[in-house]
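As annotated by Swiss-Prot, transmembrane segment applies to 12-32, 70-90, 102-122, 137-157, with the evidence given as sequence analysis. According to Swiss-Prot, the feature active site maps to Asp123, Asp141, an assignment based on sequence analysis.
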Amino acid sequence: MSKPLCSTGLRWLWLVVVVLIIDLGSKYLILQNFALGDTVGLFPSLNLHYARNYGAAFSFLADSGGWQRWFFAGIAIGICVILVAMMYRSKATQKLNNIAYALIIGGALGNLFDRLWHGFVVDMIDFYVGDWHFATFNLADSAICIGAALIVLEGFLPKPAAKEQA
């Protein structure tokens, strides 16, 4: 017997769409208005800087000859499938976990789209202090990191007391 989808964590999939729209929209604006390597200062310690990432986080495996594109695409698809299954098994009222899963799925799909469409991931957020620059990243990366942090946070929060049955 199946349960109504609105009573499951799948109720939170709308957040995946929001993350995708914001992420892909920001990348579209960068691609339309920046040449590769262009930089525009936004605030002290924060630039928009168009970079291409052919690898994973911190350009891991970026110079590996192209196979990593499909490897990371497969990982993204696998993680998305697992997280959607976890959302289906969870209750809609488990907000923190479902929001975390949706953020990770949205970010993974945003970067997956880039990998499959362009062959690289569009990065544009350049955070720096003095001459030290953090790795350039994008909004999908931010969504994934926030989602992962929420999962860790949830692990430290007290669990609700189980209802006693009379």
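Glycine is treated like the rest: Cβ placed from N, Cα and C.
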Residues outside the transmembrane segment (102-122) whose C-beta sits under 8 Å from one of its C-beta atoms, at least 6 past its ends, are 12-20, 23-24, 27, 30-31, 50-54, 69, 72-73, 76-77, 79-80, 83-84, 87, 138-144, 146-148, 150
With the cut-off at Cβ under 8 Å and a gap of six or more residues from its ends, the chain residues touching the transmembrane segment (12-32) are 48, 50, 84, 87, 92, 95, 98-99, 101-103, 105-107, 109-110, 113-114, 122, 124, 138-140, 143
Here the Cα-Cα span from Asp123 (active site) to Asp141 (active site), rounded to a whole number of angstrom, reaches 9
Cβ neighbour count (10 Å, all chains) around Asp141 (active site) is 21
